[in-house]
Amino acid sequence: MLEDKNQQRTSLASLGEFGLIDHLTQGIELKQPGTLTGIGDDAAVLDFKDKKTVVSTDMLVEGVHFDLAYMPLKHLGYKAVVVNISDICAMNATPTQITVSVAVSNRFPLEALEELYGGIKLAAKTYGVDIVGGDTTSSQKGMILSITALGEAQAEEITYRNGAGDSDLLIVTGDIGAAYMGLQVLEREKEVFKVNPNNQPDLDAYTYLIERQLKPEARKDIKALLKSLEIQPTAMIDVSDGLSSEIIHICKQSGVGCNLYEEKIPADPQLISACEEFNIDITTVAINGGEDYELLFTIKMEDYDKLKGNPNFTVIGHMAKESEGVHLITRANTKIPLKSRGWNALQEE
Ligand SMILES: [Mg+2]
């Protein structure tokens, strides 16, 4: 849990709630012009002038969404911010502020919260967002982390899930599937460690996969990139639950169908070799894996030339009439209906 197991352990009770908040929020600077006041009053005051505000919130529960056996607290803090920022980016908006709420049991010393906040502050700095509020409280068991992200955009820039046309192209940024395989590698190492705690894992072949799982990044760059190419996406979503599930969200909300081409799905070489080693089908990983935090979006056919050849983007399919359904076209040219098998927070085990 703590990176240095021998470090000092200061009990949270010794600081009291206000002392703890003061301690954790030390050194927070406000950089966004839209932040009028941040932490320190009953509420933060923001001003987005003529722009629209987008808001997204997400809760992470220990044992459900993360396992501190292989997720260092600093990484957890970083990732919790990134996943919220990714949702702002998925609206084609610019992330601007976050609030951070944490509940912890008394098993966590102050030093653990310092590491968690270290990751949160690093992500805020990396993405240029202000930390403007939050709450710290105690829990009976484990840790609960809730982050709310705010962002801004011009009304006409905001991209919803329901704008895809039935002849639009489907595009994904970066590569997908790596975060899921990173988790498989970490889970395997955890089992090995249980049997032999002296075993030092050799993870060189999986560095990219593990980084995608433990330290994902949000595609804050894509809004500006699309703007510079003079492309306004018609629908957009981030790949948090898996490509298949995100495609179905866009199709349902836009009232269109889709053909996704297996051979087009972008995969990193490390993912290809890890799937061979684990004997897992790479397409299954890519379409059902999730947690890649890449952006999935649609564009009008006539915009294709503007992004053709750009290494950030891969055209992976095209939309269709709703009556045609949502399908994966395999390498063997068979048509398989796409199912939403992405991760579902409420599904029974
Ligand atoms: Mg999302």
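Quick reminder: no glycine exception, Cβ is built from N, Cα and C everywhere.
Automatic prediction, not curation, is the source of TrEMBL annotations.
Annotated in TrEMBL:
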{"type": "DOMAIN", "residues": "40-152", "note": "domain 'PurM-like N-terminal'"}
{"type": "BINDING", "residues": "Asp42, Ser56, Asp87", "note": "Mg(2+) 4 binding site"}
{"type": "BINDING", "residues": "Asp42, Asp87, Asp238", "note": "Mg(2+) 3 binding site"}
{"type": "BINDING", "residues": "Thr57, Asp58, Asp135", "note": "Mg(2+) 1 binding site"}
{"type": "BINDING", "residues": "Asp58, Asp87", "note": "Mg(2+) 2 binding site"}
{"type": "BINDING", "residues": "His65, Glu291, Trp343", "note": "substrate binding site"}
{"type": "BINDING", "residues": "Tyr117, Gly134, Asp135, Arg161, Ser240", "note": "ATP binding site"}
{"type": "BINDING", "residues": "Asp241", "note": "Mg(2+) 5 binding site"}
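Ligand 1 lies under 6 Å from the Cβ of Asp87, Asp238, Ser240, out of the binding-site residues Ser56, Thr57, Asp87, Asp238, Ser240, Glu291. Within the set of binding-site residues Ser56, Thr57, His65, Asp238, the entry lying nearest in space to Gly134 (ATP binding site) is Thr57 (CA atoms).
Across the residues of the domain 'PurM-like N-terminal' (40-152), the predicted structure has a mean pLDDT of 94. Taking H, G and I as helix, E and B as strand and the rest as coil, DSSP gives the domain 'PurM-like N-terminal' (40-152) the counts 35 helix, 45 strand, 33 coil.
For the pair formed by Asp58 (Mg(2+) 1 binding site) and Asp87 (Mg(2+) 4 binding site), distance between Cα atoms is given as 10 Å, rounded to the nearest Å. Each residue contributes its Cα atom, and for Asp238 (Mg(2+) 3 binding site) and Thr57 (Mg(2+) 1 binding site) those atoms are 14 Å apart. With a cut-off of 8 Å between CB atoms and residues at least 6 apart in sequence, the same chain places Ser101, Val102 near Asp135 (Mg(2+) 1 binding site), listed in sequence order.
In this structure the C-alpha atoms belonging to Asp42 (Mg(2+) 4 binding site) and Thr57 (Mg(2+) 1 binding site) are separated by 20 Å. For the binding-site residues listed here (Asp42, Asp241, Glu291), the lowest count of other CB atoms within 10 A around the CB belongs to Asp42. A distance of 6 Å separates the Cα atom of the residue listed as 'Mg(2+) 5 binding site' from that of Glu291 (substrate binding site).
Listed in sequence order, Ser56, Asp58, Ala149, Asp238, Ser240 are the same-chain residues six or more apart from Asp87 (Mg(2+) 4 binding site) with CB atoms under 8 A from its CB. Counting every protein chain shown, 19 other Cβ atoms lie within 10 Å of the Cβ of Gly134 (ATP binding site).
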